[in-house]
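Look at Swiss-Prot and you will find 1-10 tagged as compositional bias 'Pro residues'. The annotation region 'Disordered' is assigned in Swiss-Prot to 1-213. Annotation comment: Swiss-Prot describes 30-39, 49-67, 135-148 as compositional bias 'Basic and acidic residues'. The compositional bias 'Low complexity' annotation in Swiss-Prot covers 158-185. Residues or ranges marked as transmembrane segment by Swiss-Prot on the basis of sequence analysis: 279-299, 325-345, 360-380.
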Amino acid sequence: MKPPKKPVNPPFGKLTDSKAGVVKATSSQETKKVADTKPKNKGGLFSFFKKDKTEKPAKAAKPKDAFKSAIAELNPKANPKTVKADVAPAKIPHSDKGTVTPVELKPQTEAPLPPGVKQPDPKKDKPKGGLFGFFKKDKNKDVKKEPAKPATPVKTEPTSPKVEPTKVKPPGGVPTKPVVEKPVSAQPTVPLQPEPTFPVKAAPLPPGVKAEPESKKRFGLFKAFQKDDAKQPKQKLNLQDQQDRFIDDPTAKKHFSAFNQKVGNLLKDKKTRNRDWKIVGWIHGLILLFFIPLLAIMNKFVTLPAQSYPAVSLQVSINNALWGIAIFVIANIALPFITMFVLFLTGVRDVHASRPVHYFIWVLMLLNLTFLVISCCLLAAAYANLDLYNIWRNLQALDPNN
């Protein structure tokens, strides 16, 4: 008898396709070898003492096993564990405990980050706590966040849309590796440069309208003297600039007294200024009505004989003091008004609106009022003990007909 022909050994290198998830089984022994893919730990207590750190290649099948596998391919019913390679199996046994279904792998794509945002580094972002990390203070809490600066416009060109991977299935039903088309790289972005600015010329004025001269613009600091000064913002100037400005400057609040402000307000308005001068005039008129008769009486008392008028002769010193006070007060009142009248006749018409003149008049008025009070006190001290008859008798002595 002729010996049977030896079957041709099938290729043993290509047993599995790990990326596609399909097993091409050739024999039962090879399927068991493929199923046990987990490397066994051949070490001691720690992984540092492993004996074999690299996996050994699978041993080649013996000729007896090759003969059995060839028979199993010819008659699949004899060995139900074998599966034909042409048919894509739904479930492939790899162990006695369960089965594994083939899974199609899909490439994972991450969403692109917005411009200006960096991808977080997992090594740097790890919390550094240590043993007492719970009690450590977070340094980022006290850091003040600066406002984000507005992004400069960037000229970008449209990029090609992303192409999803296409899956190609062969006619046999076994999926292959997904084919991914790479998107076209975008051109480098070029930042926009600001356009140069040129001085803008003013629009021409309509016919019949004159341009404002530059001389009027110089008086922009004195807008506070206008009627609508309350609506305009007040300007802060130094002391030298305030002294150079007009009398009615209402912005100089910190450097002048309240009385100065009141005087400035009085002089600024015509009605209040006239009312103020009327008050000053009436007060000085009353002072003159007191001191003019007093001067005449004291002038007569000084010349009376001591034998006939012993009461008057006893107060000679007081009479002389009152006579001098009366002359001084009348001169203080008369000279300023006479001077103002002369200046008005010479052409200086703003004397009544001058702040120094106004201050001088008010100081003289207060001084004359104090002399008035002093004169009243001296008269009461000198002639309080005289009765009305003696006073009347002394006054009759002033009559030149007697």
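Using N, Cα and C of the backbone, Cβ positions are placed for all residues, glycine too.
Listed as Cβ neighbours of the transmembrane segment (325-345) (distance under 8 Å, sequence separation of 6 or more from its ends, same chain) are residues 284, 287-288, 291-292, 294-295, 298, 351-352, 357, 360-361, 364, 367-368, 371-372, 374-375. With a cut-off of 8 Å between Cβ atoms, the residues of this chain six or more beyond the transmembrane segment (279-299) that come close are 319-320, 322-323, 325-327, 329-330, 333, 337, 361-362, 365, 368-369, 371-372, 375, 395, 398. Counting same-chain residues at least six beyond the ends of the transmembrane segment (360-380), those with a Cβ under 8 angstroms from any Cβ of the stretch are 280, 283-284, 287, 290-291, 294, 318, 321-322, 325-326, 328-329, 332-333, 336.
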